[in-house]
Each structure stands twice: as structure tokens, then as C-alpha cells.
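**Student:** Feature list, courtesy of TrEMBL:
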TRANSMEM  12-33  transmembrane segment
TRANSMEM  102-123  transmembrane segment
TRANSMEM  144-166  transmembrane segment
TRANSMEM  186-210  transmembrane segment
Amino acid sequence: MAAQFWLLLRRLYLTLYNWTVLFGWLKVLYLAVQTLGESGHEHVYDAVQRPLQLAQTAALLEIIHVLVGLVRSPITATLPQIGSRLYLTWGILWSFPQTQSHILVTSLVISWSITEIIRYSFFGMKEALGFAPSWLLWLRYSSFLLLYPTGITSEVGLIYVALPYIKASEKYCIRMPTQWNFAFDYFYASIVCLGIYVPGSPHMYSYMLGQRKRALSKSKRE
């Protein structure tokens, strides 16, 4: 009885989580497309800033979901994806307003939002109904073929665009001497982050290709 109650509680929570964040990303996409058409790409970030920050930051819960066993995703895949997005959301776009009017913000926001709308609707339906339609399964495991490259290109491009502003501002830097005998330079840390994309992006793309092969093969057998 206790096990059944736990499974029901888990299902209710994950259903609520997935559908709530889905509506957040739907709002992000709607505002981005509307603003792009009416005012141009320079104003997209201003329109989506708050819902984007809320929807993306909510993904921190997914790390907790993995750690406590609510979902079976590997932490080695979940942590880099969420970490890189939070870095862009807060460490680049919010921290350095000079980047906010760049056209890459539009491609970033649209790539992210379409990806997440598909993902959260897929898992939301699976948790709520116990299944997802075949077309949504295909989108879940195929849309990344286009959206991952556009998203990653936008992420890398925006970090690069931000580098001069990071260096000039010295924001988040810790200079010696300090009571902790520790120094930190956000400019060089950002360059390291850029470097991580070089091996990290192909690795994640290969991981998702493997996921796609397994998921679509399984659906054909069923």
C-alpha cells in the first residue's frame, strides 16, 4: 500500500512539474515570436527575460529528481545540460546586458523553447496518461538533430560576444590578496567554459543519437 501511494504521489508531482514548466516555455516562445515580428530581435530578450529565467531555473529541480531517484536520467547528462543553460541565462545574458540585443539571443531562445516544449509535453503526457503519441515520441528524439546545433551555436556565440564586456567589467572576479588566499577571474573561467564546448558538444550529440536509436527501435518493436 505504501509503495502504491509513493508511486501515485511521484506521478502526480512529475505531472504537475512537467505541465507547469511546459506552459512557462510556451509563454517564452509566444513572446519571442511576437516581439520578433513586431519590434525586431533587439527587443526579444526584454520580452522573455522573466519567464525565461523562471522556466530555465526551474530545471534545477531535475538535478534533484535524478539524485533522489524520481527519474532514471544519468546525472552525467543532466548536470552539464542544465549547468550550461543556467550559465547562459544568469552568467551571460542577465549579467551582461550588452549581449541582450544580439540576434543570437533570438536563435537561442527559440531553439531552447521549442526543444523544451516538445520535451515537457512528452514527459507530461507520459506521466499523466501513461503514454505519449508516436508523433510526439518521434519529435522528442528527432528534433534535436536541428535544434541542438542551433542552440549550441547560439550559446557559444553569446559567450564569445560577452568576453570583451566580461574582461572590461571584472564582474565576479576575486583579486588577491584575500583572507582565503584565493583568486578568481571570470574572464578566464568563461574561456574555459568555451573550451569545454569543444569536446562536450559532440559527446552530448552522440549521447542523444544513442538515445534516439534506442527509443525509436523500442517503439517499432511495440
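Note: Cβ is positioned from N, Cα and C throughout, glycine not excepted.
Because the structure is a prediction, the values reported are computed rather than measured.
Walk me through where these features lie, including what they touch and how far apart they are.
**Tutor:** Sequence-distant neighbours of the transmembrane segment (12-33) (same chain, 6+ residues past either end, Cβ-Cβ under 8 Å): 44, 47-48, 51-52, 54-55, 58-59, 61, 65, 70-71, 106, 109-110, 112-114, 116-117, 120-121, 123-124, 127-128.
If one looks beyond the transmembrane segment (102-123) by at least 6 residues along the same chain, the residues whose Cβ comes under 8 Å of a Cβ in the stretch are 14, 18-19, 21-22, 25-26, 28-29, 32-33, 36, 41, 44-45, 48, 52, 55-56, 85, 88, 93, 132, 136-137, 139-140, 143-144, 147-148, 150-151, 153-155, 157-158, 161.
Within the chain, the transmembrane segment (144-166) has long-range Cβ neighbours (under 8 A, six or more residues past its boundaries) at 84-85, 88, 92-93, 96, 98-99, 102, 104-105, 107-108, 111-112, 114-115, 186-187, 190-191, 193-194, 197, 201, 204-205, 208, 212.
Packing against the transmembrane segment (186-210) from elsewhere in the chain are residues 77, 80-81, 84, 87, 91, 141, 144, 148-149, 152, 155-156, 159-160, 162-163, 166-167, 170-173: each is 6 or more residues past its ends and has a CB under 8 Å from a CB in it.
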